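Step one of this worksheet: look at the structure below.
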Amino acid sequence: MFHENGGMSDPRILHAAYKQAPVTVLLSLSTLIIFLITAFQSQSITDNLYDSWIGTHWILYTPEMHEPLGMLRAIGSMFLHIGPGHLAINIFLLFFLGREIEQCIGSALFCAAYFISGLGASLMIMIMDPLSPTAGASGAIYGLMAIMVAIAVTRKTDIRAPLILVAVNVGYSLIADNVSLWGHIGGLVAGSVVALPLMAFHRKHVIAGGTGGFLVYGMPRNHRAFTKDRLITWFVVAAIVVCEAIGIWIVGMKLL
């Protein structure tokens, strides 16, 4: 930590980050707080999900989805992490990717895209690896990686960096132990799907319209077209969420 000359401990840095990307900051802080609660409940930093009520009831484990509110494990598991290393990597990637994406597409749609990616990861795990208890935000983060690639393509900038990031992480998923390959694939697929309507809107109303930002820095001149296309974008996003929710419910009930 740094204390002089506006170092990392300066609350102004966190405030500035919150102004730029409030959802990213809130997701990161929520993930950290939940980790600390599980560590307190389990009395362990490294085995924080064992003997933790939150760890027991939020971890993604398909045979337990029939419990009251059990389907919410598909979301709750996104906030659980096993040990400080797992937590640190995911919070770093969430902050690194999330801040850029949120400034590009806006806070509301970023929040929707994040949870769509996470739900896609949960659904894929439930289908392909239902008996493995799974926790972590990495599925949602893989979705953010897919959206970063889409942003680079839409802006016609160098796509090598986001593609390398995806390739390295997929490669790691293939060779590492205790890593949910199917969760990462599910998040990547879900992120790719939700990127399509987001980038179509971005291309039409930000790049072509020259607003300088997506729902952040101003409104385009053609407000009526903007509003119509925004509603269409939200309709598509909502349809994706409904499809994921139905899929999670069907798969969860089928495995009882």
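Cβ atoms are placed via backbone N, Cα and C, with glycine included.
The transmembrane segment annotation in TrEMBL covers 21-40 (among others). Outside the transmembrane segment (21-40) by six or more residues, the chain places 14, 48-49, 52, 54-55, 79-81, 84, 87, 90-91, 94-95, 98-99, 102-103, 107, 110-111, 114, 137 with a CB less than 8 A from a CB of the stretch.
Annotation source TrEMBL lists domain 'Peptidase S54 rhomboid' at 71-199.
Below 8 angstroms of C-beta separation, residues 17, 24-25, 27-28, 30-32, 34-35, 38, 45-49, 54-55, 57-60, 65, 115, 118-119, 121-123, 126, 134-141, 144-145, 148, 248 of the same chain, each at least six residues beyond the ends of the transmembrane segment (74-97), sit close to that stretch. Per TrEMBL, transmembrane segment is recorded for 74-97 (among others).
According to TrEMBL, the transmembrane segment annotation covers 109-128 (among others).
The transmembrane segment feature in TrEMBL is assigned to 134-152 (among others).
Among residues of the same chain six or more beyond the transmembrane segment (159-175), those with a C-beta under 8 A of the stretch's C-beta atoms are 142, 145-146, 148-149, 151-153, 181, 184-185, 188. The transmembrane segment feature in TrEMBL is assigned to 159-175 (among others).
Per TrEMBL, the feature transmembrane segment maps to 181-201 (among others). Within the chain carrying the transmembrane segment (181-201), a Cβ under 8 angstroms from the stretch's Cβ atoms is held by residues 105, 109, 112-113, 116-125, 127-129, 134, 136, 138-147, 149-151, 153-154, 166, 169-170, 173-174, 214, 229-230, 232-233, 236-237, 240, 244, all 6 or more beyond its ends.
Residues or ranges marked as transmembrane segment in TrEMBL: 231-251 (among others). Long-range neighbours of the transmembrane segment (231-251) within the same chain, counting only residues 6 or more positions beyond its ends whose Cβ lies under 8 Å from a Cβ of the stretch, are 62, 65, 71, 74, 109, 112-113, 115-116, 119-120, 122-123, 126-127, 130, 190, 193-194, 197-198, 200-201.
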